[in-house]
Every structure is written in structure tokens, then in C-alpha cells.
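Enquirer: Below you will find the structure I want to go over with you.
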């Protein structure tokens, strides 16, 4: 398979000034990811992985460096272009699901799709994430796992180029977490979506095509995972 | 439907209590706006139409006697287009109850059709038999159950006439049916107007071909003042008693003032209510945005633009604003209809119809929208500051600071733990504190103003009739009589005390400022008046010189020690100059007072009097009713009774205002409490976990609000006082001086009611506190 480069990150740095001290959240991170890959970014808390994800997702701007999605230089985008970028090309899945409390599961998905160009069929997506029966429930009537499924459906239905997941299993119990990972894997394969998951939970890396390890704001390792295993067999 | 709009609707549904509170405040503001504005327009437009229709006079000249051809000669001179002579005379009406004294004013109308002050026939045919037929003014006919075909028995020039009621009419001159400036409120059963043919009036009053009043139309209304001056000179030889221009015509003036009051109300009240509503909305939305930090972050992450999100919140305020406007304007139109109908009880305009001016609904909606959008923008501007990446992380805890009161060790160390929390909660959140302060202080100020107005109306009347004037009866003769008549009166009725009086209109001048008022001459040490000067000293009338009522002195811009000129309307009398010896307080009416002997000597003839004051327990009215040359007997008791009736009407409008003002405070306190509870869910839940009961938490919040209420009232007092000052200034005129005691009871009532509304608002929030699921609140991360 001759995969094309989807995203290219070059010398990305992010410094925060906190009074007198400059915190270097991200230092010279560089890597490439390919179309259709399942990427896991692994690192302990404070390693800069969330900062990285925010910049890749167009929610934050770096101090230095470039992010290129295909030919577009995301880091040169204006505020307006970033909004459009988030709208059409990126899907987010958050640790705490972050659904709108007073919209039903289906409406939460529609909230995302009604502003983007080429959304997928919502009912199909909801069926595929296993929520056909519960799509008219409000978030408060759903379990954590179900809420995360809604969040995934919300991100997928936008039909983005890249799906960014920030600790998607962080708030879930083991069994539900595995189920979510299987779902992500399924989306990766069936919808042919490039997915990037950031986590501090090392065993999750076993299901990835590519594993990028981070520590103290630096990329310390970037490898293709040769012994990919099925998410159902992951244990922690 | 757009999902964001769906979210909006569910948001409003969920917080419907708050939405209703704001909608109510907006609705009240616009209700007052629409109702007052439309009632004012209805009155004003139909009034003008009616005046045009009936050819309402521009100038009235009261003379002793003027030949008819001299009246005609005035036409086409001095800018006068039309002049019409008439006979006007007040006579007693014979009624069954001899204790009752009813006065009717007989006014002659010419035979031709081009009349000035034309009458408007409501029922009947008009005058056919010129020697017998009369037309009765509607209000009077209604009050006394007079119907067509009835007979009215009146004394004219001492002779009894039986007149046939041939029609019921309205007159542009008596839309507001009041005998004179001194009566102040209409008494439709006691005073009426009837129109008779020219011939009948001239014959029965012995005027021959002459008249005692001229009504005039002018070419240019701006010239009225000039023409007035001219007429005064030209007609001097006919004994000009008084010239009244259109603006000062009693009925016209009362309506114009009512219209102006309505217009003022329509300006001020909506601004206060919409202002408070905007404040509540701004605070609500800013709180909502703060609470929605994460959802806003998510929306931004999903690619929603800032403008979409800000609009989302502005729509919330706009929906509330437009709902309030629709409810307010619709109720306002209903009320405008009801108000216009109510005005019909006082103002007799036969063509008065209720029009709805839809453009004011549009402007009301526009006004509400502007207020709400501004409030929404102000409250929603924080949306721009929220960064999607940051919003996902929990917010840093609010900085805890020591508050000022903590520094005062004696107080602080003696406070219980819950009081310490209360104090900190109040003083740390300054914006919320200010918000509640504004709401409660305005609410208090409006309650204060309302009670003040009520108290003042009561005070003014009780002060004038009872304290200032102290006679049982006030008797007026139809023409000046010799002082000997007092002796006759003493024979006729059993009298405790009696004093003669002279009451006559004169023009009082200071430079170019002049005013026609009744100068009243009474005994120097009269027991029937209590004169109090501006230094609160009780005074007697001086031997020499004159005493003016406060409003007259103000109008003429004179004070104690100045000299004024008195211009007599009696022919062949020179102006006299006289010194002002004092200025006295008088709540109702505008007058000057002199010692009777001096007045007779200087202004009239010796021994001539125009009436008398009497204290008596006898049936005065009955015994004096047949007396020739007696026009009116006013009893203080009657006046007080009529005023009490009048007051009961005022009470209902006062209570509406009280409720409106209270709703203001209620809405602010209710909304801020609800917002406080939802914002402090975590804090309150932690308290519950620590073992605080629901009741204790409720009391903690009540304590917070009560302390803020106290501050609100403290701030509200100066605001209320300035409202009172403004109203005193706006509503005092030449007829009455608004002056009430700001008594302790006004404070007490306003405070009690403010607290009442705050407590009521609290009770409505009780449910929310009891429903607070603290376990859910602690673990919930659903945005």
C-alpha cells in the first residue's frame, strides 16, 4: 500500500508565558502521518500531547513550526479559516464526551453536521456506532459508553479528514473502554478514516498503526507498529 | 429546525421561571407604554376633532353687560374672525331633597347654525319652543336621571321657571364638568349646565338685547395673547370681569394636563422597566455563557463561528424581549381601551372612539428588541474570550479574598460560620451585588413614590378642607349685597358663627407677569381660615396690604415686601398698588387674601359683600334654599365626601402601580437567586455532603438576600426622594401645589412591601433548593 502523507508536522513548538517563567509545552515536534492510519500518541500527563492535539485540531496556535494538512498550511490560517478547518476537516472526540445536555443523541450529531459541507447519513452512522435504539435519548439518560458513542458519531458524521480523540477511554471503565476502542478501529477500517488517539494508557498503543511517544514536550519515539493486535485483546 | 435553535427553546423551557420573570417586567413596561400612549393619543386626537367639529372658542370675555351690536362689531377686527354674545348665569335648581343644593349654569345659544362652541346633540330634537325648551349636558342628566320631557324648575332673577328638557347634549366647553377652579373635582350631580335659546335667557335675566359674555374665534392662534390685551382695553367700558383664553379654559386645561401626564408616564415608566429587564437579561446571559463554557468550547471545536454562538444567546434575549413586547402591547391595547372608557366617566367627548395605533406596537417591539439585543451583546461578549482548547479544562477556582468586614475583628469573630459564609458570598461577587442593589432600590423607590402620591392626595385635600378652610358652609350670593344681609341670615338659621366675605376676581400684576385670581376679603382674625406662612408661623391678615398663596407668589415671581398692582375689572376704577405682607401655604387653588374692610375700601364699595362663611349644626341648605340671590352653598362635609369617592378610584390605580413596582424587585431577586443556585450547585452540594440540611442552605440564601435588600433600601431612599422631587416639580401647577409630608408611614409601607416581594421571590426559589440533587451535582460532568 503506497499511502500518501495526510499531515505533516514540522518543528512545532508551543511556549506559554506564566509570569516570569516560560513553560515549553511543546518543543520541536516533527512527524508525518499517512492517510488511513490509526495513530496513537502516547505520553504521561504533562508531556504536551494535549497541546499537540489542540494545535493539530486548529484550536490553538503554535509559537513556532508548521502543520500541513495535505497542501494547506494550517498554522498560517486566520481565525476564520481555522473555524472553517475545524468545521469541514477535523472531528473531535473528547474525554468527557461534551455533549449538549438539552439535545438528544441524534440532535447532538445533527448539531455538528448541519454546518458542514458533505456530512454522512446520520442514521447510518448512529446505527454503526450501535445507537440505533437510543438515538432519541438525552445525554443524561445514556451511560458513559453510550455518550462516548454519540460523541464518536458526532465526529464521524462530519466526514472529516482526520479524527482527533483526546483520551476517549479516560472516563470509562475497562470493558466500555475496550468497546469504544473497537468502535474506533471499526471506523478506521470501514470508513477509512485517519484517526489519532492521544492517551497516557500505554496498552492502547498495541492496536495502532503508528505510535508516537512523547515526554516533556518532545517527540521521543515515532514507530510503525508491526505487531498490531485487535482491540478486544488489549488488557490493562 | 436548526439544532442550536432547538437548544434555545429547551433552554428557555428549562429556565421558564426566569424567562417569565423577565418577560413580565418587559411586558409591564410596554403595557404602560402602549396603554398610556394610546390613551393619550385617543384623547388628544378626538379632542382636536371634537373642537374642530364644534368650533371651540379661542377666547372668553366675561363682562358686566355688552349690547349685542357691540359684540358683532368686534368681528374682523384685531384678528378676530367671529364673536358671539351670550348670557351665562348660575342659578339654583329646585330639587326634591331640600337639604341638597344643586347649581345649574344657564348658557344661551344663538339661533343661527354657525355657532361658536356648538353643542353636540346626543338625544332629542333640540330647541323648538324657544321660551321653554332646554338642552341638558349629558353628565348632569345622567347623574340626576334627567330624561327628555322632564321639567326643570329653576329660579331666574328671583322668578321660578319650569323648563322642558328637549335634548341631552355635550359641549366642548364642559368636557370636564367643573363649576370653577375652586371645586377641583367634578361633581356631576351638584353642578350642571343647560343651554337655552337666546331670547329666553335675555328676557328672564333682564338683559334686553345685551349679553354678559363674549365667545371669540381668532384667525391665528399664536396671536391670542395680543388679542387678549387688546380686548381688555377695548371692552373696559363694558366692565370686563375676566378674559379666559383657550389654554386656560378650565375643561380644556384639565384634559390637556391629563394628556400630558399620560405622555410623561409613557416616557418614564417603560424606560425604568425595560432598563431593569435589560439588566436582568445581561446578567442572565453572562451567567449562562459562563456556565456554558464547555458547550461553547465544543461548538467552537465543531466549527461554529463566534457570531453564530453570540447570536444563539442574543436570540434568547430577543425571544424574551419580543414575547414580552407582544404580551405587553396586547394587554396595553386592552388597557388603553379600558382607560379610554374610564376617561369617558370624567371627560364627556361624544365622538371619543378607541383607535389602535399599530405603529406604536411596532415601536414598542423595536424598543424592546434594542434593549434586549444590547443586553444580549453585553452579556454574551464573553463568548469571544472562550478558547475551545482551554474551555475543556476545568476552570480555575475563583480567588478567595478577605472582605473588608473581616478586618473588623470584633464583628467578624462574633459571627457564626454560616454568617461568615453569607457575608463573603455577598461581598465577593460585586457585580451580582450591584445587580440586586439596582433592582431592589428601584423597586423600593417606585413603591415609595406611589405611597407618597397617595398620601399627598389625601394630605392635600384634608389639609385644604378642614385645616386651611374651617367653615361648615361657604355661601355665595349671585351679586354683591349689603353687609346687613348677615343679620338676615342669622335670623333664618341657627348659627354658631358667621363672617362676611368678599370674593372677587382681579388681575394681579407684577411687571409683565399677570394672573387673574379671586381675591378673598375676610375678617382679620377670621376663625374660618388658618393661614400659615412659609416659616410655618400661624398669621393673621394684616390691616394694610395683601397676602398671596405660595403658588401665586411663585407665578408672579414676588415675595414678602414686594409691591404688586391690582387691576380691577369694574369700570372706572384705577389700578391700585399694594404691598405683599406675607406668603402663605395653600395646597389647592390659587388666591390672594385681604382684610375685608380694607378690600371693600380699596377695591369695591363699603359694606358690600359677596358671600358668607357659616358654622352651624342647623339644616342650613334647606332653610336657605329659597333665598333669592343665593347661587351656592358649599358644605365642607360634601366636599370631603366627594373626595373620598374620588379617592376610591385612585386606590385601584395605586394598587396596580404597587404590584408593578413589586414585580420589578421580585424579578430581580428571583432571577439572581436562581442563577446563584445553579452556579453554586457544587458549593451547595458540598455543604449538603458536609451535613447542612436543605433548610439551613435555604436560610443561608435568604440571609444573603435580606442583607442585600437592606442595602437596596438604603440606596433606594435617596432615589425615591429624588423621584418625589421630580414628581412635585412636574405635577405642581397653578391650581395646586403638590406638597405632602414624607411621613414615617410612607417609609414603613415601602420597606414592608419591598421585603414582602423579596420574600415572595425567595419562596418561589425554595423548590429549586429542595430539588437540588447533591450527589448528581457532585459527579455530573454533562455540560
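Keep in mind that glycine also has a Cβ here, set from the backbone N, Cα and C atoms.
Among the features that TrEMBL reports, transmembrane segment is placed at B:16-36, B:268-289, B:310-336, B:356-378, B:433-454, B:646-670, B:705-724, B:744-766. As annotated by TrEMBL, domain 'MacB-like periplasmic core' applies to B:19-233. Marked as domain 'ABC3 transporter permease C-terminal' by TrEMBL: B:268-386, B:656-772.
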Enquirer: So which of B:16-36, B:310-336, B:433-454, B:744-766 has the most C-beta pairs under 8 Å when paired with the transmembrane segment (B:356-378)?
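Expert: Looking only at B:16-36, B:310-336, B:433-454, B:744-766, the most contacts with the transmembrane segment (B:356-378) come from B:310-336.
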Enquirer: Is the number of Cβ-Cβ pairs under 8 Å between the transmembrane segment (B:310-336) and the transmembrane segment (B:16-36) three or more, considering only pairs separated by 6 or more positions?
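Expert: These two segments touch.
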Enquirer: Could you count the residues of the domain 'ABC3 transporter permease C-terminal' (B:656-772) that DSSP puts in helix, in strand and in coil?
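Expert: DSSP composition of the domain 'ABC3 transporter permease C-terminal' (B:656-772): 99 helix, 1 strand, 17 coil.
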Enquirer: Should anything in the same chain at least six residues away from the transmembrane segment (B:16-36) have a Cβ under 8 Å from its Cβ atoms, list it; otherwise answer none.
Expert: 262-263, 265-266, 269-274, 276-277, 280-281, 284, 320-321, 323-325, 327-329, 331-333, 335-336, 339, 360-361, 364, 367-368, 371-372, 660, 663-664, 666-667, 670-671, 674-675, 764
Enquirer: Mean pLDDT for the domain 'MacB-like periplasmic core' (B:19-233), as a whole number?
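Expert: A mean pLDDT of 86 is what the model gives the domain 'MacB-like periplasmic core' (B:19-233).
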Enquirer: Pull the DSSP breakdown for the domain 'ABC3 transporter permease C-terminal' (B:268-386) and write it out as helix, strand, coil residue counts.
Expert: 101 helix, 1 strand, 17 coil
